[in-house]
Amino acid sequence: MTFQWTAVAGFLYGEIAVILVLCLPFISPLRWQKIFMFPLWSKMAVFWNKMFLTIIVLLIVLFLDAIREVRKYSSVHVNEKAANVNSSAFDHIQMKLFRSQRNLYLSGFSLFLWLVLRRTVTLLTQLAKEMASHAALETQVNDATEAAKKYMAENERLQEALSGKGDGKKKESTDATEEKLKEEVEHLKAELQKTSSAFHKAKTEVATVKKQSEGLRREYDHLMKEFEQLQVGGSGSPYKHCVLKLYQ
């Protein structure tokens, strides 16, 4: 086998291995999409179309060459068989025909699997996108369903409240609220009474202090008048010493 057909055979085996790996059932398309998102694949994606077209052209050329060889040795094989030549030449021609047929199968299956591989990768990518969008839609539907259930439950509670089915609970809550309000009112009344009594007491004390201050003021004015009279009447008056003692 020449180098080119050895390379074609290796390429065919590689295609078979890759397709088998892609068809494994326990690897989901979403995981394949994550693998295809690696930086290495993103760099290779730039040259993917060019590489795909180049390999297609090479495989087509090899396939056409193999067809030509098969037709060539098929016609020679028929002619030699009809001419009844020696067995060694006939075996050589038959070997050539076998090799050309083998090359035809290698190039043909390589071309076919290369197209299948391209289509498989494309379908896996599309399926992964559809599964991702389906998961997103399913999440939205679940959220909408939960919201609808919540609104329906609230609507039922409102209807029960309006129709009077929940009067017992409402009455109990109303009684409890009234009791709390009564307790608060009583407490506020007690606080108001305490505040009023304290205010009256403070008012009485202020009035008493005010009366005492007025009496002291009048006494002070009276003493000031007497002191002025004593100063006018003379410094030797006996009242002067009394006033001085009083101020001391």
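Every residue gets a Cβ built from N, Cα and C, even glycine.
Annotated domain 'BAP29/BAP31 transmembrane' per TrEMBL: 1-136, in sequence order. The annotation transmembrane segment is assigned in TrEMBL to 7-27, 47-67, 104-121. The feature region 'Disordered' is assigned by TrEMBL to 159-179. Here TrEMBL flags 166-179 as compositional bias 'Basic and acidic residues'. Annotation comment: TrEMBL describes 183-236 as domain 'Bap31/Bap29 cytoplasmic coiled-coil'.
DSSP states for the domain 'Bap31/Bap29 cytoplasmic coiled-coil' (183-236), grouped as helix (H, G, I), strand (E, B) and coil, give 51 helix, 0 strand, 3 coil.
Each residue of the domain 'BAP29/BAP31 transmembrane' (1-136) gets a DSSP state, and the totals for helix, strand and coil are 122 helix, 0 strand, 14 coil.
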